[in-house]
Amino acid sequence: MKIHEYQAKEILRRHKANVPFGVVIDKKENASKAHDEVTSKTGGSVVVVKAQIHAGGRGKGGGVKVTKTKEDAIAAVDKILGMQLITPQTGPEGKKVLKVYLEQGIDIAKEYYLSILLDRSIRKTIIMASTEGGMEIEEVAETHPEKILKIAIDPGIGLQVNQARQLAFELGLPAESHKSFQSLLAAIYEAYIKEDASLLEINPLILTKQNEIIAGDCKIDLDENALYRHADNAAFRDITEEDPLEVQASEFNLNYVKLDGNIGCMVNGAGLAMATMDIVKLAGAEPANFLDVGGGANKTTVTNGFKIILGDPNVKGIFVNIFGGIVRCDMVAEGIIEAAKAVDLKVPLVVRLQGTNSELGREVLNKSGLKITGVDDLREAASTIAKLIG
């Protein structure tokens with residue numbers, strides 16, 4: 001689950017990490033009060049106004065402004081709050097800014113990159129760091145891979161002091177900042193483990209002119225499967241930042257991810273769903289979604305799946321690919337017919353049924369009188385739907 005920067009920093013504060021003081025607001029009339037609270041608390045005059053959306057690259061899109069006066073801060077809030085912010089991660093449609101974070105300005109000497117995540121190839125948590133702070137880490141990996149440092153953490157013993165010290169030396173941090181760096185690294189590692197995060201990223205990690213190490217920006221992704229252990233973190237969910245179709249799908253207990261193509265895919269099983277998307281692309285078309293209706297697919301599930309798929313105006317055709325194991329293909333076929341009638345289906349529909357009662361399922365579809373194209377071969381089915389949408 002993605003959360004906002006101000007929420008991520010709230011988590012870091014729980015674990016005594018050094019983060020700037022800030023105030024979040026969702027109304028422009030609260031800008032003056034928020035500015036005063038930040039400056040009176042910190043004693044400084046510089047306030048950074050940051051758009052709060054679930055996407056990176058906010059600064060490049062005009063969503064981050066450094067202000068030196070109260071008037072400038074109010075003007076920045078007025079401009080950013082409510083804007084449609086477009087960044088490299090939002091897509092061309094952008095995201096509407098519904099909250100802004102007014103934060104204490106920091107006297108920056110140098111910026112670094114720091115993150116904690118799971119490396120599945122070695123089955124361990126790793127710490128990644130770089131001297132190239134403030135940049136997209138993917139860009140650094142492509143242009144200067146030698147500037148990315150990695151340390152693997154033994155899950156049995158956790159982060160060790162010597163590892164933190166080693167990383168400080170390899171980053172070239174001044175000796176006066178090592179204690180501050182080790183303290184922050186220990187705090188964010190504790191946060192990553194205890195809060196069940198799947199990613200914790202600080203970019204930039206700031207070295208101040210006073211040799212303090214501070215988390216300038218923070219991104220945390222939380223493991224949704226562990227939220228039952230963290231009621232306070234579950235409350236951080238902001239559905240206004242999520243795709244409405246994905247929210248609706250979660251209410252139906254469907255695994256749905258919206259994509260940019262025009263062929264809606266309905267499949268049972270995540271592996272088959274991935275293979276279906278691949279075969280659609282090989283046929284020269286683009287999948288509009290990932291949709292796994294699960295092993296217990298029934299009439300209601302299929303109808304809800306159709307509603308989700310057709311909620312995307314880009315969908316020009318639907319490819320249903322079902323392998324009957326636990327689920328019976330004839331029951332799925334009945335669900336497809338019922339769903340097609342319920343949603344008044346007007347786009348081409350190709351159905352591939354294999355497995356338990358697949359022949360009976362095909363017979364049910366053939367007798368329905370609906371314009372449904374049944375195909376047995378996977379590659380042929382993908383080619384058929386690609387041709388039908390032109």
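Glycine too: its Cβ is placed from the backbone N, Cα and C atoms.
Remember, it's a predicted structure, so these values are computed and weren't measured experimentally.
Going by what Swiss-Prot states, the ATP site holds Gly57, Arg58, Gly59, Glu103, Ile106, Glu111, and the candidate of Lys50, Lys95 recorded there is Lys50.
According to Swiss-Prot, Gly325, Ile326, Val327 bind substrate; the candidate from Asn255, Asn262, Asn268, Asn366 that the record adds to this site is Asn268. The binding-site residues considered are Ile106, Ile326, Val327; of these, Ile326 has the fewest other C-beta atoms within 10 angstroms of its C-beta.
The distance from the Cα of Asp217 (Mg(2+) binding site) to the Cα of Gly325 (substrate binding site) comes to 47 Å. Across the residues annotated as binding ATP (Lys50, Gly57, Arg58, Gly59, Glu103, Ile106, Glu111), the two Cα atoms farthest apart lie 19 Å from each other. The Cβ centroid of Asn268, Gly325, Ile326, Val327 marks the substrate site; residues of that chain outside this set whose Cβ lies within 8 Å of it are Gly269, Gly295, Gly296, Ala297, Ile322, Phe323, Gly324, Arg328, Gly355, Thr356, given in sequence order. For Arg58 (ATP binding site), the same-chain residues that are 6 or more apart in sequence and have a Cβ closer than 8 Å to its Cβ are Lys50, Ala51, Val64, Leu85, Thr87. Around the Cβ of Asn203 (Mg(2+) binding site), the number of neighbouring Cβ atoms within 10 Å comes to 22.
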